[in-house]
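Notes for the one structure printed next.
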Amino acid sequence: SNRPMPLNLYQFKNMIQCTVPSRSWQDFADYGCYCGKGGSGTPVDDLDRCCQVHDNCYNEAENISGCRPYFKTYSYECTQGTLTCKGDNNACAASVCDCDRLAAICFAGAPYNDANYNIDLKARCN
C-alpha cells in the first residue's frame, strides 16, 4: 500500500534505524504476531514481545486525553545509537516518545529470527 506513513511511524522508523543500524526498519514492520499490523495471540519470541509491549504502551498513552499515539509527533535525538526524548514534549508526546524509545532499545537487544518474518497471522496468532 502506498498510503503515506503516519508521521509518528516515520519517527519510530528513524528510532529503529538509530538503535539497529544493521537492519532495515522494514524487517520489523511485519514480524511475529505483534510487529506491524497484528496484535493477538502469544508472541512468537523476544522480539515479538518487544512489539506486544509497544502496542500495550500505545494503549496506555491513549488514556491521556486527546492522545493519538499513531499520529503524535515528538521531539527526540539520536546520538551514537542512544535515544533521548526531549524535555519540550507534552504529556502525550512524552509518553509516545518513551514507548517508541523503549521498543527501539528492545529491538536492538532481541535476536532476529528470519522464520518469524511475515508469518501467517491467522494460523499462528489466535
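Including glycine, each Cβ sits where the backbone N, Cα and C put it.
Swiss-Prot records a disulfide bond between C106 and C50, which is the match among C33, C35, C50. Among C33, C35, the one Swiss-Prot lists as the disulfide partner of C125 is C33. The recorded disulfide partner of C51, taken from Swiss-Prot and restricted to C18, C35, C78, is C35. Each of C57, C67 is a candidate, yet Swiss-Prot gives the disulfide link of C99 to C57. In the disulfide annotation of Swiss-Prot, C67 is paired with C92 out of the candidates C85, C92, C97. Candidate recorded positions: D55, C85, C125. Nearest to C18 (disulfide bond) by Cα distance: C85. Note on C51 (disulfide bond): other Cβ atoms within 10 Å of its Cβ, all shown chains, come to 23. Y34 (Ca(2+) binding site) falls outside any helix or strand according to DSSP and counts as coil.
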